[in-house]
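Let me begin by presenting the structure, written as structure tokens, before commenting on it.
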Amino acid sequence: MGKGVGRDKYEPAAVSEHGDKKSKKAKKERDMDELKKEVSMDDHKLSLDELHRKYGTDLSRGLTPARAAEILARDGPNALTPPPTTPEWVKFCRQLFGGFSMLLWIGAILCFLAYGIRSATEEEPPNDDLYLGVVLSAVVIITGCFSYYQEAKSSKIMESFKNMVPQQALVIRNGEKMSINAEDVVVGDLVEVKGGDRIPADLRIISANGCKVDNSSLTGESEPQTRSPDFTNENPLETRNIAFFSTNCVEGTARGIVVYTGDRTVMGRIATLASGLEGGQTPIAEEIEHFIHLITGVAVFLGVSFFILSLILEYTWLEAVIFLIGIIVANVPEGLLATVTVCLTLTAKRMARKNCLVKNLEAVETLGSTSTICSDKTGTLTQNRMTVAHMWFDNQIHEADTTENQSGVSFDKTSATWFALSRIAGLCNRAVFQANQENLPILKRAVAGDASESALLKCIEVCCGSVMEMREKYTKIVEIPFNSTNKYQLSIHKNPNASEPKHLLVMKGAPERILDRCSSILLHGKEQPLDEELKDAFQNAYLELGGLGERVLGFCHLLLPDEQFPEGFQFDTDEVNFPVDNLCFVGLISMIDPPRAAVPDAVGKCRSAGIKVIMVTGDHPITAKAIAKGVGIISEGNETVEDIAARLNIPVNQVNPRDAKACVVHGSDLKDMTSEELDDILRYHTEIVFARTSPQQKLIIVEGCQRQGAIVAVTGDGVNDSPALKKADIGVAMGIVGSDVSKQAADMILLDDNFASIVTGVEEGRLIFDNLKKSIAYTLTSNIPEITPFLIFIIANIPLPLGTVTILCIDLGTDMVPAISLAYEQAESDIMKRQPRNPKTDKLVNERLISMAYGQIGMIQALGGFFTYFVILAENGFLPFHLLGIRETWDDRWINDVEDSYGQQWTYEQRKIVEFTCHTAFFVSIVVVQWADLVICKTRRNSVFQQGMKNKILIFGLFEETALAAFLSYCPGMGAALRMYPLKPTWWFCAFPYSLLIFVYDEVRKLIIRRRPGGWVEKETYY
């Protein structure tokens, strides 16, 4: 992809006058597909001559300033284009008008409409509808502000990319070195980088001196990678002669030619990929939408039916419209929006205490419905520190302790060979502990040096005491540092042991190279000739440790004879004047980044919870497979195709892939797969490891899982993970080692970088889903005793049993705390033993929940309310049958002589006081029956006696709603303010039998469900 091609690919599409949206969308999809493809470039394959011709750059003098200015004008600055951001006011409006809020807004508008109609037609219209409209609007605005505030901290993806862009770059133009702003670097520029610099653009290295770069933010490989002019791999991400934009140079120096700048760099493409991805709706948002459809359906159905009915009953058009509006509004659960928001916030707070920081409230529940987790290996499943795992000396393998707290196995440290091996590992080692860490445990100390050497340093320090003291005793005279051509490191030390010669040569390096330099081997402290049998033993040990996915190093030494090398001898490392062959082989030490202690248990929990854990790593397949087996992602006894082939001794291509439950897929194979082949792998293998994968592939794997209908969680820490984090249903970033970019793209951040915290998150997510169901069931039930009075008022023409203001007191007063208290309810059974919920069938609110809340419990509650209503009116002289058809005269303010059943006459004022007392009593009855409803909503299957009453907030809720009801009824002045009147104590007890009935009815129902699982009762009533 030359300069021209690279540029054209990102030209904005010409859009016709009509603003052709379709072509824009198609272009976006095309661009995304482009980005998903692997990085394609051929600059790493070109010779220096071809590079010179392609870019017109003088390889020693660089570009001329004039040419550089031309290219800058053509390509634009070397910077990442920020994505279009959503303005804050749009985000705020989404909170105000999204989903549930819309339902309440419609309710509010209908209230104002009803008030308007009444004002136009009546002389002194009641203000109920006006109050209701104002309250509904206030509820939406307050909850909207609350949600907006919760989420305002999110989505600044590009901000963090900006911080990663280097500020200055050292370029050579016209043979002169100049430091320029990194944004002015152009394709073809000759750039110099040194240790500590950020790479300013994608470079093709033309000369290097000991240059190493840290690519971890891009590829996920934790080891620094060597950079040299040599073309070593077809894949541009793997070859040594390309350095990538915004990675760090950790040591050495290098010169290179800029091949891509800005958005066209590999990092730029990832940035574009991450910001261009659509996150999609969260499962809970879909659930709430589904719920709104249900509720609206019920409300409109009831409203229209009674509208028609009231016309049949010869009401006027205007009255019928007001009834219609009243019924629809009465159906809206005003308090539910606040309840859901508060429940999610509480869970988010609870998760933060357990090291999961949730950025987006709805993500709390998404984690609970997760059915596949794609996890990174390094640092998430593992401890992210190389640790000595095994040693081979005295012709046997010894296991070292890799646990985080040194509680594991130990080996025999008495052998003389171990003394020699630990001496080499400590001396032939440039790693040192950083200062002032004496009080810290050895394994927690920071080390200056590369990963393998730090592992050796810590191991020897733990097993043999201070390495510094050892190094002081054995003074270093000269050393040859490790380099990639001879693949060993060597040093010569003064030997303080009187029984041995005065100089000790120690060497470590690649095992096969070390063995080639040895003629003898140390066994039990005695030197013996190295024969074929021992060479075979070495080979077997080397293969076994390598097969465990460990990095193996060989160690040897030589005591230099005093005759040839007396004290004060001048050793020369350039013209080597000492032996580097015929040494004595001592042993092997292998290292691995070991699994975290809590991970195997967490993976086991995921498995019993029906969640598939897939490992996706940039690491080597053998290492990946070893760790996967170590943590249980590949469980014991499950074989891969390669294992089966090895067992049956046949070629791999003769094994039927479906016989293997587990599989390890190499990134290079994944590259050539069609999406159907990937789907087959994901469908037919239960245990999967993807190794050597690139960022684009991680995205393809996530999409593959989503095609299977899975809800996918992805963990990641590098920049390379951000596209996958954004695409997944829930992206989980690492809080400690994660790059800013990955944290921005994620929905949740693990503060302790531990995979086990995800499992805690899943548990919390499942619990909140269950508890939201209970909250909603509780809240919806009181809708029926709120609507039925209105319906009976229309049909039977009786005085209104329950007013609008009292309905508001229930929905936004007495019901709020109890509904929220259900969020604190403990899990009924082990929620981690069941399969993830199926988003298509297992809904938050289903028909069964509506039938239970409205059709069964709600009806009993309504009966309780009407019973109280009729009792009070009868005590005042109006018997039930006398009330039928009395509405017209009852509500007429000019009639002051309405007779009751006993012939007494009632004025308008007196009648209204009795009516409002009934409203208050009906309200209190609803509170009383809601006690029972709250208690039965604690569980969906268990008996309340099994669950117990441990939820303190719920008990507080019961007292709170009762106290509030009493306050509203007995507080002086309530008659004028809310038209609530004091009740006789006996009237409180009218609804008690109904409350008891609800409790008994539901306990019996749950008993039948437990006794006959899958039976008719469960099918019809278990929500």
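Using the three backbone atoms N, Cα and C, a Cβ is placed for every residue, glycine included.
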Candidate annotated as phosphotyrosine in Swiss-Prot, where the set is TYR10, TYR149, TYR684: TYR10
Per Swiss-Prot, LEU313 shares membrane side with LYS833: no
Phosphoserine: annotated position in Swiss-Prot, out of SER60, SER369, SER484, SER829: SER484
Listed residues SER23, SER499, with the one flagged phosphoserine by Swiss-Prot: SER23
Residue carrying phosphoserine as stated in Swiss-Prot, selected out of SER47, SER119, SER154, SER739: SER47
Residue from SER40, SER179, SER216, SER635 to which Swiss-Prot assigns phosphoserine: SER40
From the candidates SER16, SER371, SER901, the one which Swiss-Prot records as phosphoserine: SER16
Beyond the flanks of the topological domain 'Cytoplasmic' (1007-1023) by at least 6 residues, Cβ under 8 Å: 773, 777, 846, 848-849, 851-852, 856, 940-943
SER228, TYR260, SER452, TYR542, LYS661, SER943 filtered to the modified residues whose C-alpha is within 10 Å of ASP721 (Mg(2+) binding site): none
Count of other CB atoms lying within 10 Å of the CB belonging to ASP717 (Mg(2+) binding site): 29
The topological domain 'Cytoplasmic' (824-843) - residue tally per DSSP class, helix then strand then coil: 4 helix, 0 strand, 16 coil
Spatial neighbours of LYS661 (N6-succinyllysine) that are distant in sequence (at least 6 apart) but have CB under 8 A: ASN638, GLU639, HIS685, THR686, GLU687
For SER943 (phosphoserine), the one of SER228, ASP376, TYR542, ASP717 that lies nearest, given that the recorded positions are compared by Cα: ASP376
Candidate recorded positions SER40, SER452, ASP717, pick with smallest Cα gap to ASP376 (active site, 4-aspartylphosphate intermediate): ASP717
Where TYR260 (phosphotyrosine) falls in three-state DSSP terms: strand
Close approaches to the transmembrane segment (952-970) from elsewhere in its chain (Cβ under 8 angstroms; 6 or more beyond its ends): 809, 813-815, 817-818, 820-822, 824-825, 920, 923-924, 927, 930-931, 934, 938, 978, 980-983
Rounded distance in angstrom between the Cα atoms of SER452 (phosphoserine) and ASP717 (Mg(2+) binding site): 22
Recorded positions (ASP376, ASP721), the one with most neighbouring Cβ atoms at 10 Å: ASP721
